[in-house]
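Inspection log for the structure reproduced underneath, given as structure tokens.
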Amino acid sequence: MDNTRLFQSITAVAGTVWIESYLFISKPHLLLIIYYIFFVFNRYTLITNCNHKTLGLYYLWFSFLFGSYGFLLSVILRTELYSSSLRIIAQENVNLYNMIFTLHGIIMIFFNIMPGLFGGFGNYFLPILCGSPELAYPRINSISLLLQPIAFILVILSTAAEFGGGTGWTLYPPLSTSLMSLSPVAVDVIIVGLLVSGIASIMSSLNFITTVMHLRSKGLTLGILSVSTWSLIITSVMLLLTLPVLTGGVLMLLSDLHFNTLFFDPTFAGDPILYQHLFWFFGHPEVYILILPAFGVISHVISTNYCRSLFGNQSMILAMSCIAILGSVVWAHHMYTTGLEVDTRAFFTSTTILISIPTGTKIFNWICTYMGSNFGITHSSSLLSLLFICTFTFGGTTGVILGNAAIDIALHDTYYVIAHFHFVLSIGAIIALFTLVSSFQENFFGKHLRENSIIILWSILFFIGVVLTFLPMHFLGFNVMPRRIPDYPDALNGWNMIYSIGSTMTLFGLFIFK
């Protein structure tokens with residue numbers, strides 16, 4: 001046995017020396033990059049560390065870095081749309097605009113909100129809330145973290161292709177498959193990046209579920225777990241049920257690109273609507289996958305700040321379960337314009353509007369918890385929690401409007417749709433992320449990063465900025481301004497100028513919080 005280990009060690013050392021010698025002679029710059037990466041990883045123990053709190057903080061840092069990149073992409077979009085006509089994008093390079101909003105959507109959804117709320121909040125707090133010393137599979141947890149920057153780099157590499165991926169974050173065929181005659185490399189690396197990110201999410205989901213089921217404290221039954229814990233459990237189950245469908249859809253897309261299959265090519269009896277069904281079966285539950293951990297954060301912060309249990313704790317858990325179930329069967333409300341039958345549209349309309357009932361239950365429970373205390377707004381995280389409730393309520397109201405098939409056909413693919421989901425995600429989920437950092441900054445970093453008054457000032461500035469950014473989009477939607485277009489009529493200059501100013505205010509607000 002000892003001789004075998006000695007032989008393996010000698011072989012490993014010899015192989016390493018040979019590889020390093022080859023790189024030193026042929027590609028010394030690549031060797032320097034590899035050394036630098038290993039130095040950084042070893043310096044911050046990114047590879048060797050399996051502690052759930054440390055990995056949770058790394059998730060938050062990755063979320064901040066990736067989110068900053070995605071936010072700067074949105075600033076470029078707002079600069080272009082500050083006034084009519086093309087400003088910073090040349091006429092012959094309009095695909096750059098398409099590439100920017102594609103990357104913006106993918107990065108903010110898969111690499112900003114999910115790592116921050118699901119990965120960061122879940123890794124740091126789930127074992128604590130369950131009374132467990134660690135997650136069930138610490139090494140798998142570390143691997144799922146390391147897959148995040150790899151997936152992000154793959155998505156960013158799509159910009160290096162001759163024709164960047166300008167398909168939108170949905171990757172609809174035949175737009176994504178028509179690149180066969182040009183350069184499918186951009187779509188390829190985006191698909192591979194999404195697959196790697198999906199693998200990391202599935203690993204984290206299995207880890208969370210196993211931890212709750214088998215490692216929680218003795219006597220801590222499922223019925224008395226906190227709302228925050230249940231939000232992570234429900235999110236994990238939704239990921240396990242919906243991510244395989246997305247994986248199958250994008251693999252079929254990859255097969256159409258490279259292996260001469262015809263799943264989505266209408267010229268040869270393929271059906272591009274099939275891809276929409278597969279994508280939105282994941283895509284709409286993904287909205288709740290993003291926002292359910294935010295519900296857990298807000299519930300945890302309100303309960304902690306006001307030193308009391310949430311009003312209607314069990315009804316909150318039931319409401320989240322109903323939201324998850326109903327949210328998984330309403331995917332076709334994104335497809336009203338594809339020619340669905342009348343009874344099909346009636347089903348998806350009624351089920352979509354039905355989601356407002358458990359959502360309203362959660363909002364009333366939060367408000368009752370706040371009104372039942374005598375503390376008022378004592379901390380910046382309390383103010384951020386109330387801002388989350390306001391913005392999420394407004395975004396949910398516009399979602400009920402869009403759930404109506406007759407209205408949605410008129411407003412489909414206009415800026416009204418952008419305003420709706422940005423009020424829920426761009427404002428709601430991001431405010432929940434900042435609420436998490438603001439409330440537990442001393443636990444995370446060992447000190448207060450900013451004074452309470454400065455964070456309150458930032459909260460007000462940020463809220464005014466995002467409202468100025470996204471509120472005018474509703475009026476642009478009523479004027480049927482189509483999204484994903486870099487130009488518009490001169491009559492819409494006023495509203496576009498207002499929400500470009502709001503985007504600039506948001507940018508300055510982030511400098512205060514940084």
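Note: Cβ is positioned from N, Cα and C throughout, glycine not excepted.
All annotation found in TrEMBL is predicted automatically rather than curated by experts.
What TrEMBL records for 40-514 is domain 'Cytochrome oxidase subunit I profile'.
Here TrEMBL flags 30-46 (among others) as transmembrane segment.
Annotated transmembrane segment per TrEMBL: 58-76 (among others), in sequence order.
Among the features that TrEMBL reports, transmembrane segment is placed at 145-165 (among others).
According to TrEMBL, the transmembrane segment annotation covers 185-209 (among others).
The transmembrane segment feature in TrEMBL is assigned to 230-254 (among others).
Residues annotated as transmembrane segment in TrEMBL: 287-304 (among others).
Beyond the transmembrane segment (316-334), the same-chain residues lying 6 or more positions past its ends with a Cβ under 8 Å from any Cβ of the stretch are 227, 230-231, 234, 237-238, 241-242, 276-277, 280-281, 283-285, 287-288, 292, 295, 299, 310, 340, 344, 348-349, 351-352, 354-355, 357-359, 361-362, 365, 402-403, 405, 408. As annotated by TrEMBL, transmembrane segment applies to 316-334 (among others).
TrEMBL lists 346-371 (among others) with the feature transmembrane segment.
As annotated by TrEMBL, transmembrane segment applies to 383-407 (among others).
Taken from TrEMBL, the feature transmembrane segment applies to 419-440 (among others). Same-chain residues lying 6+ beyond the ends of the transmembrane segment (419-440) with a Cβ under 8 Å from its Cβ atoms: 60, 63, 67, 108-109, 112-113, 116-117, 120-121, 287, 290-291, 293-294, 297-298, 301, 304-305, 379-381, 384-385, 387-388, 391-392, 394-396, 398-399, 402, 449, 455, 459, 462-463, 466-467, 469-471, 473-474, 477, 513.
The transmembrane segment annotation in TrEMBL covers 452-475 (among others).
Residues or ranges marked as transmembrane segment by TrEMBL: 495-513 (among others).
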Field: Per-region confidence, the domain 'Cytochrome oxidase subunit I profile' (40-514) (mean pLDDT, whole number)
entry: 88
Same-chain residues at least 6 beyond the ends of the transmembrane segment (230-254) whose Cβ lies under 8 Å from its Cβ atoms: 118, 121-122, 126, 171, 173, 176-177, 187-188, 191, 194-195, 198, 201-202, 204-206, 208-209, 212, 261, 263-264, 275, 278-279, 281-283, 285-286, 288-289, 292-293, 295-296, 299, 317, 320-321, 324, 327-328
Task: Mind checking which residues of the chain, 6+ beyond the ends of the transmembrane segment (383-407), have their Cβ under 8 Å from one of its Cβ atoms?
output: 291, 294, 298, 301-302, 305, 330, 333, 336, 340, 345-346, 348-349, 352-353, 356, 359, 363, 366-367, 370, 377, 416-417, 419-424, 427-428, 431-432, 434-435, 438, 456, 459, 463, 466, 474
